[in-house]
């Protein structure tokens, strides 16, 4: 990934300036995000998410206001690359960390759609007087209600498609293929863009529509999922490379070098804050027998999301942030993405050490907490009290 970003830096305005049609490159990069989320949906198992649905909903809802003061961004398809090898044979009563992490990422993508939906109203509220602030606040509440209604409509549509359309549609595609994969690729891509346009029409994020398209196809069985994956993954990989290269088009090395100190401080502070807050929240909502996975899940949520580019670009076009702040967002996001694999490997190592040398158990069977965690007891008690409602 780092090599693709550097390639974008070298070919972009800050390097050789070889790419003149940057808008077209960025558009292809967005397709990379769409197909990445579609593949995540294909690898998604509803049965796995049912076990962790409560954690998937509670976790992001608690973390969003906690991290909001630090400007945390939500949702990331990058972590899906780590999830591919994340499944393991789980003991009875334990949760699979890949299921928990994927469920929280899905919920965060829903929150991304909410943020994008309310952004125009927030712009109007920020430019108004006190009376307009009150009216704007009511508009935000009404808009949130509309978004939730849209989400319910999308879920109802998905249930109908799964029951009556997906099976016959795929069987028709498979019958028309006759050993030729082009029909399967075209039919699958058409279904992805159909779901994308449906969610866009209902004012829900297009990325969520791509994920739901993959999840609907995955519900038809592992054989169908494997066949579609074998056709779509090469396209996804190519477009994802363009996406990461398009990030480099907006990175200016002179700006990074000139502001390196403040960028490193901001990046480390943001990553550490998100990691610590995720550990605290997961310590509250995870069952005692599965709390050892909080380190891995927190590591997967610690970096700034690639979707911060989407939010940042929309905020810049709307005049909410300046060009300098937008460059700051791009630089911090890129640096945090470079730190993500390191943090992930450290968390995996800690988790493997835990499996090799389990902690002593209490008389009730609960795993004893590490002594160092005791300093967080007052905070954990407050969060546990909030989660009991």
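From the backbone N, Cα and C atoms, a Cβ is placed for every residue, glycine too.
Marked as domain 'Cation/H+ exchanger transmembrane' by TrEMBL: 2-344.
Per TrEMBL, the feature transmembrane segment maps to 28-45 (among others). Distant neighbours of the transmembrane segment (28-45): 77, 80, 83-84, 99, 102, 106, 109, 192, 196, 206-208, 210-218, 225, 228-229, 232-233, 235-236, 238-247, 306; these residues of the same chain sit at least 6 beyond its ends, with a Cβ under 8 Å from one of its Cβ atoms.
The transmembrane segment annotation in TrEMBL covers 100-123 (among others).
Feature annotation from TrEMBL assigns transmembrane segment to 143-162 (among others).
The feature transmembrane segment is assigned by TrEMBL to 238-258 (among others).
What TrEMBL records for 265-286 (among others) is transmembrane segment.
Per TrEMBL, the feature transmembrane segment maps to 325-347 (among others).
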At a C-beta cut-off of under 8 Å, are there same-chain residues at least 6 beyond the transmembrane segment (325-347) that contact it? List them, or none.
1-2, 5, 73, 78-79, 82, 247, 250-252, 255-256, 259, 263-264, 266-268, 270-271, 275, 295-296, 298-300, 302-306, 308-309, 312-313, 315-316
